[in-house]
């Protein structure tokens, strides 16, 4: 079956309609209008103008569809046939006489819509329209809350035994069990070969403090280190107890012989004649005499064994000679005098310790005065311990001799004081807010105990 295009079908319908209208016999049999309208032959005879007044064919019942693309090549032969028929139908028509006007023809189809005119004014509010049709069903709603659980149903029958599952993972480690009984002691193994010496291990952690051991022998004196900072003066200590009296020293040398006494009074006259006999031998030496070491002995002076200043005054039994500070500290004799060879000075022992007797000597006794001007020339010569070429008494060389504690000159950077040389320090500057006089210890440290604060 041949399927025709809608446009081609419309054209065929028009041609079919025209062919039917052109047959007068068919029209008369269907619509008897011969009385009302003259036939085509009558119009041809009536005048030559009748042919020219033929009405155009009616418009098609179905308007052709609108095609945006080009025309189909199938329509070209039909259109050519239509044009040929129209030319053949109009070519023999001769202009005839004007006939009577015919009846009005049927109303044609509505024309194409015109252009949209300008927007008119807003009309009155119309009546409310009818109720529209129900819309499409809406989207299903969200599920509601879970309802209460229903009653528990009857228990079902036991199902068939399932297949054995895979082995599970290893469980956690259990708790440690109780220790077992101690086994029997094994036999002693053979002694193995001596292994190679291992590397030295790291030093271990310090152990616990052990008990204090016995005091070992005194070592050799070490090198003098740097002097530390001066500490704050401590509080005055309590008065110590008086020590035991020392051992009686050896007796002194016998003193010089005394002056001969005055001659006694003459004896009674002898009964007979006095004859001078020969001189006798020299007698044995007498005991050593007593030395009071004081003023001339008389009846007002005390006898030997008593102090010149009374029985309560202390006495100095003997003078010791030491080489250095260590030997001086070993002497425990109370109220004694010692001579230090290294410093060439005397020290006295009382309740406070060993104190120098010569506080501010200009120079030791064996210091020789420079008579030739050789000391201070910077050249070390016989008899000089040092020669720094200056006259500064605050360094380690004073008048060509080494400085030491007790020479009366403060060695800067080494000694806090020396004798009465405090380096321009007083109680006011050493302890602000105090007053009094500073003291210098036998070790050339400042003693601020005499300083007092205002109350």
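Placed from the backbone N, Cα and C atoms, the Cβ positions cover glycine too.
Between the stretches 86-89, 130-133, 286-289, 290-293, Swiss-Prot puts its region 'Heparan sulfate proteoglycan binding' entry on 130-133. Per Swiss-Prot, the listed range annotated as region 'Heparan sulfate proteoglycan binding' is 235-238 (candidates: 79-82, 235-238, 295-298).
According to DSSP, the secondary structure content of the compositional bias 'Pro residues' (101-112) in residues is 0 helix, 0 strand, 12 coil.
Counting same-chain residues at least six beyond the ends of the compositional bias 'Pro residues' (134-152), none has a Cβ under 8 angstroms from any Cβ of the stretch. If you average pLDDT over the region 'Heparan sulfate proteoglycan binding' (235-238) in this model, you get 58. Per-class residue totals from DSSP over the compositional bias 'Basic and acidic residues' (118-127), listed helix then strand then coil: 0 helix, 0 strand, 10 coil.
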